[in-house]
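Per TrEMBL, the features are as follows:
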DOMAIN    1-402  domain 'Major facilitator superfamily (MFS) profile'
TRANSMEM  21-41  transmembrane segment
TRANSMEM  48-71  transmembrane segment
TRANSMEM  78-100  transmembrane segment
TRANSMEM  106-126  transmembrane segment
TRANSMEM  147-168  transmembrane segment
TRANSMEM  174-196  transmembrane segment
TRANSMEM  231-252  transmembrane segment
TRANSMEM  264-280  transmembrane segment
TRANSMEM  287-309  transmembrane segment
TRANSMEM  315-337  transmembrane segment
TRANSMEM  349-368  transmembrane segment
TRANSMEM  380-401  transmembrane segment
Amino acid sequence: MEANVEINNWKNKFGIIWTGQLFSILSSSIAQFSMVLWIGIETESAEALAYAAIAGLLPQILLGPFAGVFIDRWNRKWTMIGADFFVAICSAIIALFFYLDIVELWSIYILLMLRSVGSAFHAPAMKSIIPVMAPKSKLVRIAGINEIIQSISIICGPMLGAVCLLTFGMSTVMLLDVAGAIIACTSLLFVSIPHVTDIGKSAKSILQDMKGGATAILRNKGMSWLMASEVVVNFFVMPIVAVMPLMTLHYFHGSAYQVSLIEGLYGIGLLVGGVILSVWNPKLKKVTLIIFGFSGLGLVLALCGALPSSFFITYAVLTIGQGLAVPLFTGPFTVLIQTQFESVYLGRVFALYGSLSQFPAIIGLLFAGFIADEIGVEKLFLFGGIIVMLTGVSLFFIPAVQQVEHQVH
């Protein structure tokens with residue numbers, strides 16, 4: 001049963017949450033980019049970058065279904081605080097390793113996995129609190145603002161990450177991440193978040209609760225198709241993201257600063273896409289926006305893969321298009337989940353969906369390093385982009401997808 005939630009002060013509450021999250025996401029972006037750049041510089045291996053991406057995904061995939069159950073049982077506010085605090089501890093350990101100069105590549109992988117454990121709880125919990133704190137009519141706008149926050153971190157994170165890494169070193173970078181997590185935890189302490197649950201507390205019911213989340217997804221045919229399409233897209237896009245620094249460093253013969261430039265331009269595209277959702281708030285159906293986002297991203301990736309190695313400026317411009325396309329499907333997709341499922345299921349649905357969508361990406365990442373090293377990273381962009389584009393176009397021809405917004409749940 002849906003909770004009757006007081007949402008009159010939703011703007012003030014989200015203002016506090018967004019302030020803390022901006023610091024946390026920005027510092028995490030700085031740390032993440034710095035670690036990727038450090039691995040790329042130290043190893044010059046696409047496989048090493050792919051393994052780092054796997055380390056950051058695998059715990060979320062394995063823990064996702066279980067995490068979702070506990071997110072729906074526990075107080076979501078304290079779940080988010082606990083997750084942020086755990087990530088801060090992991091970042092502090094990485095900082096200590098670099099400060100003592102005892103860091104090894106395998107230790108980075110392990111600590112990336114531990115950070116991912118925190119993300120397995122934080123991300124679904126954050127998405128689950130939104131529909132019980134804000135009016136339904138504002139969810140697309142809120143999704144757009146969330147994309148703007150992400151874009152700011154992606155624009156500033158790589159530039160600050162490159163500067164901090166090359167100027168101060170990794171230990172300082174990771175301490176910034178610790179500070180960001182502390183700010184996020186503190187901001188959440190000042191916000192009242194409704195606790196919504198109707199599931200049991202017995203450990204014996206965990207599998208039943210997981211089944212309840214899966215059943216909720218399978219009952220909705222349109223959302224099942226959309227989630228399946230997201231799985232396909234992630235399978236081809238995640239490997240591209242993992243080896244993107246090598247596209248600049250090796251294929252276009254760029255420098256570390258050009259890698260950060262590409263990341264920043266991608267963030268500018270994300271910012272524009274987020275503004276479109278939050279300010280313009282397009283009246284197109286959410287499904288139509290998702291289709292345009294998938295198809296547009298696939299087209300731009302394919303064009304990037306087809307460029308000659310001397311066309312770096314063209315690649316940089318197309319990178320803005322990559323970023324622009326992403327909010328067009330991530331924002332509406334999140335809102336569809338928030339509105340198509342009851343609040344008591346959202347933790348399980350978001351966590352289970354995250355596991356299902358990311359698991360094929362692991363398989364793709366395992367082959368990404370080999371493909372990039374053996375036949376060229378640009379081939380990943382070309383062939384992956386074509387398949388992503390075709391996946392988006394195919395959604396036009398699935399009746400259940402076209403009718404999903406007319407269903408009442």
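Cβ from N, Cα, C; glycine included.
What you see is a predicted model, and the numbers here were worked out from it, not measured in a lab.
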**Asked** Between the transmembrane segment (21-41) and the transmembrane segment (264-280), are there at least three Cβ pairs closer than 8 Å, leaving out pairs fewer than 6 positions apart?
**Response** no
**Asked** Is the transmembrane segment (48-71) close to the transmembrane segment (147-168), in the sense of at least 3 CB pairs under 8 angstroms with a sequence gap of 6 or more?
**Response** no
**Recorded stretches the transmembrane segment (106-126) and the transmembrane segment (48-71) touching, at least 3 CB pairs under 8 Å** = yes
